[in-house]
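Have a look at the structure below before the remarks.
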Amino acid sequence: MVGAGYVGLVSGVCFSDFGHRVVCFDKASEKIAMLEHGEVLIYEPGLNAVLARNVEAGRLTFTTDLTAAVDGADAVFIAVGTPTRRGDGHADLSYVMAAAADIARALTSYAVVVTKSTVPVGTNRKVAEVIRATRPDAAFDVVSNPEFLREGAAIDDFMKPDRVVVGVESDRAKGVMGDVYRPLFLRDFPIVYTDLESAEMIKYAANAFLATKISFINEIAALCERVGADVKSVAKGMGLDGRIGNKFLHAGPGYGGSCFPKDTSALARIGQEHGVPQRITETVIAVNDLTKRRMIDKVLDLCDGSVNGKTIAVLGVTFKPETDDMRDAPSLTVIPALVGGGARVRVVDPHGAREGAALLPGVDWLDDPYAATEGADCLLILTEWNQFRALDLKRLASSMTHARLADLRNIYDRADALAARFIAYDGVGRTPQARPTDATQRVAE
Ligand code: UDX
């Protein structure tokens, strides 16, 4: 496994749990040293335990020596980063290509070189070219095997996938991939064998479609607020249509994370390059940006037009629960705007501080929601961590200077807020507005 980042580590750990012998390589010696001691830098439920039991069984090892890792391997996975390149929105493939060349130099016998990183259409053929150019004598095939892991549920997603996608163009490589995923096939999880380009396309199309579902419901939510509808009911009524499905129709502050923003932007670029602009995806990106910014207005409206000098308690800053990942989190748009507007911001997040501390300067980090809301003028829920779902709203409201609630994940209802004596409440897509300028439905007693 070349690259012991999120995807590489989760995949390597899970493959070893299938009974394979796995060597995870990374250039970062500190990371490897920590992993050798069973220390995982990322927060992913279940990962530590699966890692530990496979290290103990001797199936899973870590190294900074690529040659040793590749020596004799049946399959070599490329799981290095493909960040969005600054300026042009392209996926930066320099790490993938450098890995391909390094692997080529280290090959000792026939191996399947599998790309797990999300790469633009055509990249796998380029990987093959790089390997061939570096080592004309090497015996290998390239395979595209995109991952569909959700952060926070990655182990389960790996062990019980909706499908495994394998872009493969030789029977020999297909045989190796069949062996690699054998435990899943035995349990009847579907596998889609296809060509390289289609496998690459599936990943982008799937993620862009999911991002579209989210942006669609977020835009519907904004309209619900104006016409007096409740987006939760609307999503439920829509989602019961089997052709639509009820998943990914939760309105909120916009999507973030390592995949949707990066992959939608890369797909838009690929479309432009080929003269087939992906107008829907381009719009999805714009709507998501607007959605995040719309959340700032909600807080401002709730706070009578200004947050200057006000204390705001924020629950949740990671892009979603069960992760410590802050990449493209809505909090990174909302909180700096509040701080810039003169607010004192107190943040509670079970795992957000590690990354968030540097990204959100000027905020106070607390551990307890009740301490954070004491004397506050507004309570803002940005990430739906389970521990925020059953708070004693009455206790919160009574300790606040002004009991206002902006529940941007819709985990409480207006009635809950009302019963707890909040003086103002706003959710997403569920606040009938009397006037366009008044985002707040007062719920004074
Ligand atoms: C996603 C894909 O689900 C996964 O298949 C892919 O491989 C990587 O990208 P991930 O980014 O970990 O996984 O999180 P996901 O659970 O999909 O959520 C993404 C974002 O969308 C989060 O910010 C989440 O809050 C938001 N979201 C999701 C909504 O706002 N509403 C929804 O209904 C669902």
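Residue numbers in this text run from 1 along the chain shown.
Using the three backbone atoms N, Cα and C, a Cβ is placed for every residue, glycine included.
Bear in mind that TrEMBL entries carry predicted annotations, made automatically and left uncurated.
As annotated by TrEMBL, active site, nucleophile applies to Cys259. Here TrEMBL flags Asp26, Lys31, Thr82, Thr118, Glu151, Lys262, Arg327 as NAD(+) binding site. For Phe148, Leu149, Arg150, Glu151, Lys203, Phe248, Leu249, His250, Ala251, Gly252, Gly256, Lys320, the entry in TrEMBL reads substrate binding site. Per TrEMBL, the feature domain 'UDP-glucose/GDP-mannose dehydrogenase C-terminal' maps to 313-414.
Location within the structure of each feature annotated in TrEMBL.
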residue : record                   : Cβ within 10 Å
Asp26   : NAD(+) binding site      : 23
Lys31   : NAD(+) binding site      : 19
Thr82   : NAD(+) binding site      : 22
Thr118  : NAD(+) binding site      : 22
Phe148  : substrate binding site   : 18
Arg150  : substrate binding site   : 13
Glu151  : NAD(+) binding site      : 24
Lys203  : substrate binding site   : 24
Ala251  : substrate binding site   : 27
Cys259  : active site, nucleophile : 22
Entries of Glu151, Cys259, Lys262 (recorded positions) sitting next to ligand 1, with Cβ under 6 Å as the cut-off: Glu151, Cys259
Nonlocal neighbours by CB distance (under 8 Å) for Arg327 (NAD(+) binding site), same chain, sequence gap 6 or more: Gly256, Gly257, Ser258, Pro261, Phe319
Neighbouring binding-site residues, C-alpha within 10 angstroms of the residue listed as 'active site, nucleophile' - of Lys31, Thr118, Arg150, Leu249, Ala251: Thr118, Arg150
Among the NAD(+)-binding set Asp26, Lys31, Thr82, Thr118, Glu151, Lys262, Arg327, as the record gives it, the longest Cα-Cα distance in Å: 24
Rounded Cα-Cα span from Lys31 (NAD(+) binding site) to Phe148 (substrate binding site), Å: 24
Shortest C-alpha distance to Thr118 (NAD(+) binding site) - which of the binding-site residues Arg150, Lys203, Leu249, Ala251: Lys203
Extent of the substrate binding site in Å [max Cα distance among Phe148, Leu149, Arg150, Glu151, Lys203, Phe248, Leu249, His250, Ala251, Gly252, Gly256, Lys320]: 24
